[in-house]
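Accompanying notes for the structure given below.
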Amino acid sequence: MDHLPIFCQLRDRDCLIVGGGDVAERKARLLLDAGARLTVNALAFIPQFTAWADAGMLTLVEGPFDESLLDTCWLAIAATDDDALNQRVSEAAEARRIFCNVVDAPKAASFIMPSIIDRSPLMVAVSSGGTSPVLARLLREKLESLLPLHLGQVAKYAGQLRGRVKQQFATMGERRRFWEKLFVNDRLAQSLANNDQKAITETTEQLINEPLDHRGEVVLVGAGPGDAGLLTLKGLQQIQQADVVVYDRLVSDDIMNLVRRDADRVFVGKRAGYHCVPQEEINQILLREAQKGKRVVRLKGGDPFIFGRGGEELETLCNAGIPFSVVPGITAASGCSAYSGIPLTHRDYAQSVRLITGHLKTGGELDWENLAAEKQTLVFYMGLNQAATIQQKLIEHGMPGEMPVAIVENGTAVTQRVIDGTLTQLGELAQQMNSPSLIIIGRVVGLRDKLNWFSNH
C-alpha cells in the first residue's frame, strides 16, 4: 500500500492554495465544503475567487508566493501551471512538516487527492495512487450509480436513532437486521429527502415495532427495452439489493449480469399466446417469496405498467397486505422508436401517439375508426401475429394503404433489426420478423432514413 487513506478534519483550520486558475478553483471548492479556513495566493485570480472573497468565504493574497503563508497551515495545495513554483511550494511545506498536494505531480506531493463520492456523512474515496486518474474517475462514476442520492440523509437520521435502537433491540444481531431494513427502505429515504416529518415518523415507528422476521416486500422494476445502459439508476440499485429476482424473457442477459450474485433467480418467461408460467402462478411466486421476509424484485422488460401486467401482480400483493413499490422503465415504444430514428410525435406529422396491445382478452375489439385517423402515430405491442389483421382493419376504416410502417425486432439491442414499408405490405413484412417486435405506423416513419443514427454506429 503506497498511500494511507485518511479523512482529515479541516473545519476552521488554516489551509493554503497557491494558484488562481480553474484547477485551483476545483480544489478550493473541496476545501470550502470541508469547512477549511482558506487562503489563496496567486498573481491573478479568476472571477470565482473574487466572488468567494467578497462573500467572506476565503482570503486572497495577490502577489508572488511567500513561504510565510505556510506558517499556520495544516495543509497546502500547489495548483499553478508553473512546475518550478509548485516544487518550491512542496519543498517549503515539507520543511514545515505540512502535507502538500501538487496537482498533476504525485511524486512531488506528500498526499494525493482521491476521487470523492459525497453522501455526507458517508464518504467514499477512490484513488489509483496518481497512476491513472481517469480509471479512478470511471470507478467513482460506477460507485456513484450504486449509492442512492439520499443515502447521506438516511445515514444522518440513523445516527439520531442509535440510542433508541439500542434500547429496543437487545442483541447485536437484532440491531444489525434492523439497520439493514432501515437502509434499504425507499419510503424512509424519500420522506427524508422531502422533509416529510409525518411520513418519517410513521415509517420509523413501523420499522422499529414490526417483528424482524416480518413479511418482505416486492419492487416492480422496469428493465427497459433491451440495452442494459437504458436501465434506470434506481432500477440498478433495486436489483442489486434483491434477495429474489423474478424475471421474464424480455430482460436481457446483460441486465441479469447486474443482479446481485447471491440473489435467487426465478425465470417466468412469457411469449404471446404461450405462457411458460401462468400469470396467476407468477402472482403466487411473488406473494410466497415476500411472505418469507425476502426483498423481491419483479423485473420486467420495458415499463411494468405498460402492457406488463404489473397492475394485476400488485393487486394480488395489495390484497395480501404485502408492501410494494414500482420503479418505472423506458417502455419499448420509446426505446425502439428512438433507436430506429422514428420520432413518435412531430409537429408536422403526429400530434398524438397511441400505445396498443396486439392481442386482447377474448372478445376484445379495438376502435379501428379512431385508430385510422391522420396526424397520429400507432405503436402495436405484441402485434406480430396480428399484423395482417391490423393491416386489413386499418385500411377498411380509411387509413391510406401507402401509410409508412416499420417493424422493430429486438429494439435497442445490438441485434436490433428494422424493416419498413407501407401499410399494404404490413402482413408480408411481419413474416420476415421474429418476436419480440414492435409495429410503428404513421407518417413519422418516413423520417427514419434521415434520423436513423443507431444502425450507423
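Note that Cβ sites are derived from N, Cα and C of the backbone, with glycine treated the same way.
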One of M172, M382, M399 listed by Swiss-Prot as binding S-adenosyl-L-methionine at the site of P225, G301, G302, D303, I306, T331, A332, G411:
M382
S128 (phosphoserine) in three-state DSSP notation:
coil
Rank the binding-site residues A44, A332 by how many other Cβ atoms lie within 10 Å of each Cβ and give me the one with the fewest.
A44
Would you mind reading off the Cα separation of I306 (S-adenosyl-L-methionine binding site) from D248 (active site, proton acceptor), to the nearest angstrom?
15
Going along the chain, which residues six or more apart from S128 (phosphoserine) have their CB under 8 A from its CB?
L135, A136
Give the distance between the Cα atoms of G302 (S-adenosyl-L-methionine binding site) and L43 (NAD(+) binding site), rounded to the nearest whole Å.
56
I need the CA-to-CA distance for A44 (NAD(+) binding site) versus A332 (S-adenosyl-L-methionine binding site), whole Å please.
54
Any further residue of that chain within 8 Å (Cβ to the Cβ centroid of D22, V23, L43, A44) of the recorded NAD(+) site:
G19, G20, G21, A24, A42, F45, I46, A79, T80, D81
Where among the recorded positions D22, D248 do you find the Cβ with the fewest other Cβ atoms within 10 Å?
D22
